[in-house]
Amino acid sequence: MVVLFEDPRKLPLATFLTQVFITLVVCKILAKLLSYIRQPQVIGQIIAGILFGPSVLGHIRGWSETIWLPSSLPAFQLIANLGLLFFMFFLGLELDLGQIKNSWKTTIPIACASIIFPVGIGCAVALWFYDMNSNFQTNKIAFILFVASGFGFSAFPVLATLLNSNELLNKPIGVQTISLAAVEDIAVWVILAIASAFSSGDSALQGLYTLLLTLAFIAIMVFIIRPILKRLHDFYLRRNDDTNVYLVVICLLLLVAAAFTTEVMGNGLCLPRKGELTNFLGLRIELIIVEFFLP
């Protein structure tokens, strides 16, 4: 009886549910309106985010003091990140590993070119801006690399959502686009790690350390976790029970462990493609992730 007896703003759950309700309703209305001009629903979600943020409604005192209380933002952000985690897992389930392997020969050169151009522009802009403002107290190299990395990020989750909503995720153009974005983001994260090292006074080798840790994580997932999952999956597949609840729980536990290590990367690509396991998991998480968590 929250509505009758208590102020919902004093109840974290009531505040969160109000935010979720408003977010879903506004996103769906915008998605429906934009569908008339052939825009995917993620565009509506982006516009809703701008409306809810400090650029528009955030300036209204009543909005920030009743609906989007500053104290409620960490919980909302936590749930949003959980949704992003499961979406990345779903993305890994949907991608065709064979097409990814076949596209690497063209992906790497294009990725290098697509990194060099925006990062180079970012460096030039940052250098000009730094020289124009003599009041900056930050390290020059750190500032240049921070700005350059901002120019280089690909907004991977948004790109994946666009491809998924247009059913392009497993088409050649979609696979190559996702592969390019993955390579770009890994490279830019390394640049960001180097910038952070310069900013805090640490060694620039911090970037190399980050790259090596990323490669180590990928190697462990590909050469250790994936073979173990394959053997376990084959065991259940021989028994015509590859959607066994224990196997599903093991996959989800590995997802949590991988996400704990990397903050967002999961183990979707490591799951075996034979049998019904990937379809079983994908069908059950797609609706709740795409329609509830992603907005």
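Even glycines carry a Cβ here, placed using N, Cα and C.
Here TrEMBL flags 22-266 as domain 'Cation/H+ exchanger transmembrane'.
Annotation source TrEMBL lists transmembrane segment at 12-31 (among others).
Look at TrEMBL and you will find 43-63 (among others) tagged as transmembrane segment. Below 8 angstroms of C-beta separation, residues 23, 26-34, 158, 294-295 of the same chain, each at least six residues beyond the ends of the transmembrane segment (43-63), sit close to that stretch.
Annotation comment: TrEMBL describes 75-95 (among others) as transmembrane segment.
The transmembrane segment annotation in TrEMBL covers 107-129 (among others).
The transmembrane segment annotation in TrEMBL covers 141-163 (among others). Within its own chain, the transmembrane segment (141-163) is flanked in space by residues 40, 42, 46, 84, 87-88, 91, 115, 118-123, 125-127, 129-130, 169, 174, 177-178, 180-182, 184-185, 187-189, 191-192, 194-196, 198-199, 290, 294, which lie at least six positions past its ends and keep a Cβ under 8 Å from the stretch.
For 175-198 (among others), the entry in TrEMBL reads transmembrane segment.
Residues or ranges marked as transmembrane segment by TrEMBL: 204-225 (among others).
TrEMBL lists 245-265 (among others) with the feature transmembrane segment. Outside the transmembrane segment (245-265) by six or more residues, the chain places 81, 84-86, 88-89, 217, 221, 225, 229, 232-233, 236, 271, 277, 280-281 with a CB less than 8 A from a CB of the stretch.
Counting only same-chain residues 6+ beyond the ends of the transmembrane segment (12-31), those with a CB under 8 A from a CB of the stretch are 2, 6, 41, 43-45, 47-48, 51-52, 67-69, 72, 75-76, 79, 292, 295.
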